[in-house]
């Protein structure tokens, strides 16, 4: 943009906007599995279907059934753009061998246009930039060896502690930008792949997902590692990810549970070893992060007690070393928060440049005191959630309980009356008026949780 290309948010080379080049762009199918409807969905869907990609582009919004609130909402939206975009709603039905999200994705792939060269999987809480599809496609065209292209979320906390815990949890995703674009980490919210990989079940992408798959991104990442395939992330693939304004701490805990449960799913022995290694390292680092702050509280408490009791300074030389460590910890904490602030600032600036038509994002809404608290809370709870997932081997995901055996889903239970009314991050309503779950008291909910902890196979929380 500094060089004079005011359309750099679409193409770094302005010559790419010539009609002769745009006419040669490959067809892309965007597959979006939907579940529920919330406060940010319409804005996100508009940002996706109004992409300024110059080639053939179709959108497949895939729902479980017509009773899903998302079905009627997206149908009304598409009726407004029916003359401008190629889009349709697909009813996938219930999954029987894999997670509902993966089932929706695979049905979408089956329904995509026969001439599509690339398929882009998006979550419905992703807010695209006008040039995102073009940027991803350009990278795929430049390097045919790319197996998957991914992107990462820039969480926009709503002000609650739960939302800041989500922001802190997702921050390590940005490490993909520090490796020159090459990464081993996938975010399932944005994945572009070759359509023929699915048509031909190349590397087992279809069978690996369909036959007991729980997590789309972890399954595909393990397949990429097993077959030495390339995963990349272009420098413009960072997307605003607004969190629900009423994101409670309980909903954050449910989300964390689902994230740690991912490590219990695997498709091979090597994948199992990698997951267990990641499990151990993450738990060690999380509580290793917390331990110095626990010791700092002990040192400060001791120093205050010495001061209150009126001991002489020469009698308390043993306490000076502890306070020096506390000061060093405070300096390290400041540096870490400063680094997070700078990275977030860069990503906010990038998002503002990539979406010049959108409302400006700002760091002014971030509460760095709460971010520090979220760092402590998230790192303390992660090992607890990971061990909970390991011993339960089942998880409730939007009213559906999945049971794992040998790393794959072998049993699916659906009980709407026991399911949550909203999704965790977006706060989307999962049910319409018909079939909505009955409200339960906090005590009864707590009782079910305690009972499920002891007998996870007999209860559906």
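Backbone N, Cα and C atoms are what each Cβ position is placed from, and that goes for glycine too.
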| Per TrEMBL, the range holding transmembrane segment, considering 259-283, 284-308, 384-408, 409-433 | 284-308
| field | Residue numbers, six or more beyond the limits of the transmembrane segment (284-308), whose CB comes under 8 Å of its CB atoms | value | 316, 319, 322-323, 325-326, 329, 375-376, 378-380, 382-383
| task | With a Cβ cut-off under 8 Å, give me the same-chain residues at least six positions beyond the ends of the transmembrane segment (363-382) that come close to it. | result | 156-157, 159, 161, 164-165, 167-169, 253, 256, 260, 282-283, 285-287, 289-290, 293, 333, 336-337, 340-341, 344-345, 348
